[in-house]
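Q: So that we are looking at the same thing, I have put the structure below in structure tokens.
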Amino acid sequence: MKYQRPRGTADILPGEVEKWQFVENTAREIFKKYQFKEIRTPMFEHYEVIARSVGDTTDIVSKEMYDFYDKGDRHITLRPEGTAPVVRAFVENKLYGPEFPKPYKAYYIGPMFRYERPKAGRLRQFHQLGVEVFGGENPATDVEVMLLALDFYTSLGIKELKLVINSLGDKESRQKYRQGLIDYLTPHYDELSQDSKNRFEKNPLRILDSKDRQDKIIVANAPSILDFLSEKSQNHFDTVKALLDYSGVSFEIDHRMVRGLDYYNDTIFEIMSEAKVFGERVALGGGGRYSGLVEEIGGPETPGVGFGLGFERTLLAIEAEGDTLPLEDSIDVYIVGLGEATNLDSFKLVQAIRHAGFSADRDYMNRGAKAQFKTANRLKAKVVVTIGTEEIEQQVARVKNMASSKEEIVPWTDIYQDFASIYQKITN
Ligand code: AMP
């Protein structure tokens, strides 16, 4: 029997994982600049937490949840996204209290789970990083969150980006728009897909997000939400646009964009890539403002804004643009031990060199000199330390700079006392 990983999952192997670490480190540096602190929530949540926040009529909740009843008959789901869990943690831990900073800024990095049809850049276990800003309605936070995401991509060398924004308005704007949309869609009702018919009464805005071809044609001429914005929402959106202009960032407005989650209002945005690997224009990340969400989960009224972006798509975009990450893939020292008698001293030397602060490895297979040097080259070792029976007798080692072939004979006592100086000398 051959076991395979479940469909839509990936093993991230050594060689590949270094790229992930690089992307993650880049993100952490940028989060630090913008003063976001990390939050780690469980990988599974009560189903209700997600269903209430993300929305019952969304694809995520209605089709894509990895939910199950646990042995205590609790309805549990693997988290499909990061915002709802962070909001739950914000409320449960009373992070809105007076002792916490305002706005409260948190970021997360980790796996998310959606039962989707896998393809390039779409998996069932994928990885997101995201930020949330709780408290405050200042449109500057909306824009800072967008700029943070853009900074992240550009510092990874991704340039073919498009920032697309829209406003979903506040409750009042959406109620008016909802009616406008229903009026427009009613004569087309029979032509709509079954999914869209189901959403017609409950949540007609979701029809704008339909992937069905016929739905898309119908929706193309639907009224624009931007014509229904309340004065407050209009002002908010105008300020967002002005701040983006002020930052010199180009953007598009797509009045039909609604995004796949129900909790947004006012500003929403996506950062798209037109890289060919994806076959079509694809969202690398997206986010927006949410106002009722903290209350929905049982907290005090707290506006929020955030985004989530996918690791897998980020890595594909880096590759698509032909960029290579500056990854460190060499080691400082490789110990070549010739003959079984060297085992104990190889052991002592490699440990001493590691403790002196260097990355080091050794042979464990009692291979010949040629094979061991080959390994040292494959590992891109900068320095090789060789011992054989003769060296054991004299308590010395041959220390060789692999690039210049310069070699010195060094007493073990020197290595144990101050390997850093020896390394410095041989590599300079
Ligand atoms: P969303 O939470 O749907 O707004 O997604 C935010 C970002 O997460 C997307 O722009 C993608 O980069 C990424 N993403 C969402 N779903 C998947 C998936 N199934 N596989 C890989 N990445 C995903």
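Placement of Cβ uses the backbone N, Cα and C atoms for every residue, glycine included.
Remember, TrEMBL labels are computer predictions, not curated facts.
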Q: Select one of ARG114, ARG178, ARG213, ARG281: the residue that TrEMBL places in the L-histidine site alongside GLU81, GLY82, THR83, GLN128, GLU132, ARG259, TYR263, TYR264.
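A: Only hit among ARG114, ARG178, ARG213, ARG281 in TrEMBL's L-histidine site, alongside GLU81, GLY82, THR83, GLN128, GLU132, ARG259, TYR263, TYR264: ARG114.
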Q: Please find which two of GLU81, GLY82, THR83, ARG114, GLN128, GLU132, ARG259, TYR263, TYR264 have the most distant C-alpha atoms, given that the record lists them as binding L-histidine, and give only that distance in angstrom, rounded to a whole number.
A: 21
Q: Would you mind sorting out which binding-site residues among GLU81, THR83, GLN128, TYR264 put a C-beta under 6 angstroms from ligand 1?
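A: What lies within reach of ligand 1, judged by Cβ under 6 Å, is GLU81, GLN128.
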Q: Give me the count of other Cβ atoms within 10 A of the Cβ belonging to GLU81 (L-histidine binding site).
A: 19
Q: Which entry in the list of binding-site residues, THR83, GLN128, ARG259, TYR264, has its Cβ near the fewest other Cβ atoms, using 10 Å as the limit?
A: ARG259
